[in-house]
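Participant: Copied straight from TrEMBL:
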DOMAIN    191-247  domain 'CBS'
BINDING   Asp285, Ser286, Ser287, Gly335, Met336, Gly337  NAD(+) binding site
BINDING   Gly337, Gly339, Cys342, Ser522  K(+) binding site
BINDING   Ser340, Asp375, Gly376, Gly377, Gly398, Gly399, Tyr423, Arg424, Gly425, Met426, Gly427, Gln467  IMP binding site
ACT_SITE  Cys342  active site, thioimidate intermediate
ACT_SITE  Arg455  active site, proton acceptor
Amino acid sequence: MNGHATNGDSAHSASKALELLKTYESRDGISVHDLMDETKMGGLTYNDFLLLPGYIGFPAAQVDMTSKLTKKITLKTPFTSSPMDTVTETDMAIHMALLGGVGVIHHNCSVEQQAEMVRKVKRFENGFILDPIVISPKTKVRETRALKQRWGFGGFAVTESGKLRSKLVGIVTPRDVQFHHDAESPVSEVMSTELVTAPEGVNLQEANEILSKSKKGKLPIVDANGNLIALLSRSDLMKNISYPHASKLPGTKQLLSAAAIGTRPQDKDRLSALVEAGLDVVILDSSQGNSMYQIEMIRWIKSQFKDLEVIGGNVVTREQAAALIDAGVDGLRIGMGAGSACITQEVMAVGRPQATSVFRVCEFASRFGVPCIADGGIQNVGHIVKALCLGAGTIMMGGLLAACTESPGSYTIGEDGLRRKVYRGMGSIDAMEDKAAGGATDKAGNVAKNAGTARYFSEGDKLLVAQGVSGSVLDRGSINKFLPYLSAGVQHSLQDIGCKSIAELQEGVKAGEVRFEYRTASAQLEGGVSGFAGSVEKKLYS
């Protein structure tokens, strides 16, 4: 080697590399504003670009995943599940909240069914249970078993009157009634009467200490006269240890509950029932959110339920967003036609590529402190990171979660021999004609006013026009493994970019420090799997 650069330039000392870097007029890659210039680049999807790597100076586990869902609500992980009838019911909503996100319960069901799902989420994990289910000594064993089937837990306080603020006389546990020979026996014959209690006024930490030292499943809180005031559960104490990032409300320690409704007058009654059940966040579910129906509904909700957080949508333009922000939303949902089971863009010729939608709406909404959900088009960890870097506070998943153990429906075995679950868009003919969801039997008159028809403004149509499809998706196992995989993937991605938090990532993008590269079709091909002789198993987590 002669010590000279092969291009004829003088070689520089290696110690001057960082100094020389500063002499370049621009950094590698392009800024987000150059990337998202529609006049030059057109509308972009997540696969159309990459983020460039930065400097790794910290372990991935230190990456802070905290992000905003609404103006007042912050999540420990930026994940929400879609309000679709094949994605989010009670189990999904509970486990999404336990793992730091939130599940949005669908409304393709009766008011009573949806309110019951909200109620179960709120009762699943508590600090002090201020409205425990109470039974009387005369309640029969079979009735207690039925209560367990309904609520999912079997420990009940027994008071003289069978009501709260009555004298506590015992506790019934599942073991007391499980094998009892006479289902008609009153619980007074099987209940435990040797009780450990705590006095009214005890704080949560003190009560938890009493509970942890006892060998009981429940800790009743009683007043000076022995009347039941509240209850504390050992299972909740264990959940606090097992799920440290759970999405809860301060004070009550109940899990965060979210649900969707439509924008028609009858949805006002639905919402009233949901709020009574304990709802914290409502999403107004519409394929095109900028409508007179939604604007009126937002204003009505804000006048009637001042503590309820309202998320509007769906929107894909600043103009749509501005109307809903002006009406008073606490958050926005972005996406039109980007979902894996959605064909709105194809059929209606209306919509917008998702990456461009997220960037434009988030940039505008952030000026008013309104967080946004990126809804649709999420197929992997990389898409999640791209949505977050473009300004989304959280991302919403439908098809990605549809075949998890906690999603509605049972597994079937497909022709390929693999376990699958049904997944359908809410604009599919199957969803819009679903009689079990509250629709009428008169298919010709199309008065099946369910979430599928209402979401696409199709209640009065005699001929339904599909904007979604039905199919099946491969089993992904339990959400308890899949969501932590997604979280770990996002943390490693932010580590590669050199950002210690989602907030730092978004600030770096705004400042032009986080850089991008547009991907040609050849670049996308290069970034995928290639060169294998046979089939490839893409195993994403262990």
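Counting starts with 1 at the first residue shown.
Even glycines carry a Cβ here, placed using N, Cα and C.
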Participant: Counting each residue once, how many in the domain 'CBS' (191-247) are helix, strand and coil under DSSP?
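Facilitator: Breakdown, helix to coil: 19 helix, 15 strand, 23 coil.
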Participant: Ser287, Ser522: which of these binding-site residues has the sparsest Cβ neighbourhood within 10 Å?
Facilitator: Ser522
Participant: Would you mind pulling the longest C-alpha to C-alpha span across Asp285, Ser286, Ser287, Gly335, Met336, Gly337, which the record has binding NAD(+), in angstrom?
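Facilitator: Across Asp285, Ser286, Ser287, Gly335, Met336, Gly337, the widest Cα separation comes out at 14 Å.
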Participant: Within 10 Å of Gly376 (IMP binding site) by C-alpha distance: pick out those among the binding-site residues Asp285, Ser286, Ser287, Met336, Ser522, and say none if nothing qualifies.
Facilitator: Met336
Participant: To the nearest Å, how far is the Cα of Asp285 (NAD(+) binding site) from the Cα of Gly398 (IMP binding site)?
Facilitator: 14
Participant: Around the Cβ of Ser286 (NAD(+) binding site), how many other Cβ atoms lie within 10 Å? Please give the count over every shown protein chain.
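Facilitator: I count 23 other Cβ atoms within 10 Å of it.
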Participant: Once near-sequence residues are set aside, which residues in the chain of Gly335 (NAD(+) binding site), 6 or more away, have Cβ atoms under 8 Å from its Cβ?
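Facilitator: Spatial neighbours, sequence-distant, of Gly335 (NAD(+) binding site): Gly313, Asn314, Val316, Gln354, Ser357, Ala374, Asp375, Gly376, Gly377, Met396.
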Participant: Could you tell me the mean pLDDT the prediction assigns to the domain 'CBS' (191-247)?
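Facilitator: The answer is 80, the mean pLDDT of the model over that range.
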Participant: Tally every other Cβ atom lying within 10 Å of the Cβ atom of Cys342 (K(+) binding site).
Facilitator: 25
Participant: Tell me, how many other CB atoms lie within 10 A of the CB of Met336 (NAD(+) binding site), whichever protein chain they belong to?
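Facilitator: There are 27 of them.
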Participant: Just the number: how many Å between the Cα atoms of Ser522 (K(+) binding site) and Ser287 (NAD(+) binding site)?
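Facilitator: Just about 34 Å between their Cα atoms.
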